[in-house]
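Student: Quick one: the structure is below, and I'll ask about it shortly.
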Amino acid sequence: MALGRKSTLTRVLTVDLPMLAILAFTLGPYLWMLLTSLTAEESLFTRGPSVFDLVWSNYERLFANVGFARNMLDSFIIAAGTVVVGLTLSVTAAYSFSRFEFRFKKVLLLQFLLINMFPLVLLILPLFVLMRQLGLLDTHVALIVANSTIAIPFSVWMMTSYINGIPKSLDEAAMTDGCSRLQAMRKVILPLCAPGIIATGIYIFITAWNEYLYALTLGGQNVRPITVAVQTMIGEYQVQWGLLTAGGIVGALPATILFLIVQRRLVGGLSQGAVKG
Amino acid sequence: MTSIPVPEQAGSSPSRGTALWRQVMPLALLSPAVLVTLAIVFFPMVQTAWMSLHEYVLFRPKNFDWVGLQNYLNVFQDEVFWISLRHTVLWIAITVPAQALLGLATALLLNQQFPWRPIARALIIIPWALPSVVIALMWAWIYDSNYGILNDLLLRIGILEASIPWLANPDTALYAIILTLTWQGFPFFAVMILAGLQSIPRSYYEAASLDGASPLRQFWHITLPGISGVLFTAILLRTIWVANSMDVIFVMTGGGPGYSTYTLPLYAFLEARTNLNFGYGSALAMTFTLLLLGIVILYLKRSAKAVQ
């Protein structure tokens, strides 16, 4: 929309300032949480959070008394497991969707989209009953399975659109040179997919890391991912906001950093799929 | 569609094997993903439907009595169901437009030239990356009636005379959560709309301003039509997600005070979680899904067009 040369002043007034206002709204709550987590619990209710006396005590307590490190390990195992399951199952499927024509292709592709539209409650109740019958409640496996219900469809969809962007002539060239179809997929297409696979994997990791309701319902004493751990602090400790916000910052950190790293590629992929419409 | 019929008497056998393999391979490559989703998504879904036709309370696991549609009849006579439905509609009708408008404004700004644009673009997505539990707790702290910063600020400016317990007051609780969800979801709109804006050729604007069209007319006649497709898709997607999302409400108020922040998925979830009434909870979940289905089908139709 910007056309011609606007003066710097008009630009500051019409673009920079409104943008700053929106950013303040976006980052304000997060920065407030950060500031709270760096304030000593005692002074929180007397003077309130302040930038002038920052302390690490909340973070020290978080790892020393509350055992946050174990929760992070649980979250990591579940998220990594979901990434492995999601990617292994979806890459070949995506290749098939992208390269072949077959009966019911559209229905099959759309059913993966449909799964992501279903309410979580519809799955969480039967999965709980199922895991209870199988004796899998409170295990990492249960949560990996539950998170895969989200990860597989997403991953199939993302990878299909990614492979669609790789010219078919590359497969054909490889096959003229004597590769079989599967060899062409493994040796030519798969390496080219690496950026897409990494971005998809990271997004699955973030989603599984952030997931809460499955973790609450299917987890328990032994397996308690970070999202549940943060929330349970409310009950166990008369809402110690310092500790709680410290937990929030630490719990959100891995996902936030990963997101900032892949956001460009991811946003490209997500909107590509949508902009086509 | 292009399944080429294999000639029955096709001379030598090796080519026949290859042709068969060529037909089977696409399905073989697909089958792991399809079979696993059948097992962990579609089978449980059928189970929900099955449970909804039974009297099934988890602390009496022996009783799994067929009651037919009784649970559904109860749903429609259940006052809490109607309260939750009203909240769900309100929840969608405010949150989605608020997210869309804020997202549109953000996207229009991000589409301008200014020095720190890349930084702004990266930072704007942060709410999207945060776990919803953290978002819920963060805002609960902001809304805190005694020490929350919102009350503090409003008192200082003079808008309020006494602090309001935002989440404990039945009149404000739902709206407080809606603001939180708007904050969480608007970056998604911003990013989608920005991609749409960048796909509009610059030459359109150049031609329009040569013809003397004002920025407002340019926005109305070029920008809006240019992003309408993306915007509509994004609104459909968000409507579905916002309707489904219950983790933020669950953590912030757990549905309370009273029933003032109950939405349908939350009601279904709480019915199973706290009352352990899986039969009735399933019926609620099914009812909610059926209500949502119209929007889902609309979205799938659009996507089906895009796939072709």
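A Cβ is built for glycine as well, from the same backbone N, Cα and C atoms used for every other residue.
So TrEMBL has the following annotated:
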type	residues	note
DOMAIN	A:72-262	domain 'ABC transmembrane type-1'
TRANSMEM	A:12-35	transmembrane segment
TRANSMEM	A:76-95	transmembrane segment
TRANSMEM	A:107-129	transmembrane segment
TRANSMEM	A:141-160	transmembrane segment
TRANSMEM	A:188-209	transmembrane segment
TRANSMEM	A:241-262	transmembrane segment
Student: Should anything in the same chain at least six residues away from the transmembrane segment (A:188-209) have a Cβ under 8 Å from its Cβ atoms, list it; otherwise answer none.
Tutor: 75-76, 78-80, 82-83, 86-87, 90-91, 95, 147, 150-151, 154-155, 158-159, 162-163, 166, 170-171, 174, 179, 225-226, 254-255, 258-259, 261-262, 265-266, 269
Student: Apart from its near flanks, which chain residues at least 6 from the ends of the transmembrane segment (A:107-129) lie with a Cβ under 8 angstroms of it?
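Tutor: Long-range Cβ neighbours of the transmembrane segment (A:107-129): 97, 137, 142, 145-146, 149-150, 152-154, 156-157, 160, 213-214, 217-218.
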Student: Count the CB pairs under 8 A between the transmembrane segment (A:12-35) and each of A:76-95, A:141-160, A:241-262, then give me the winner.
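Tutor: Of the candidates A:76-95, A:141-160, A:241-262, A:241-262 scores highest.
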Student: Sequence gap of 6 or more, Cβ distance under 8 Å, 3 or more pairs: do the transmembrane segment (A:141-160) and the transmembrane segment (A:76-95) meet that?
Tutor: yes
Student: Using a Cβ cut-off of under 8 Å, list the residues of the same chain at least 6 residues beyond the transmembrane segment (A:76-95) that approach it.
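Tutor: Same-chain residues near the transmembrane segment (A:76-95) but 6 or more away: 140, 143-144, 147-148, 151-152, 154-156, 158-160, 162-163, 185, 189-190, 193, 197, 200-201, 204-206, 208-209, 215, 223, 225.
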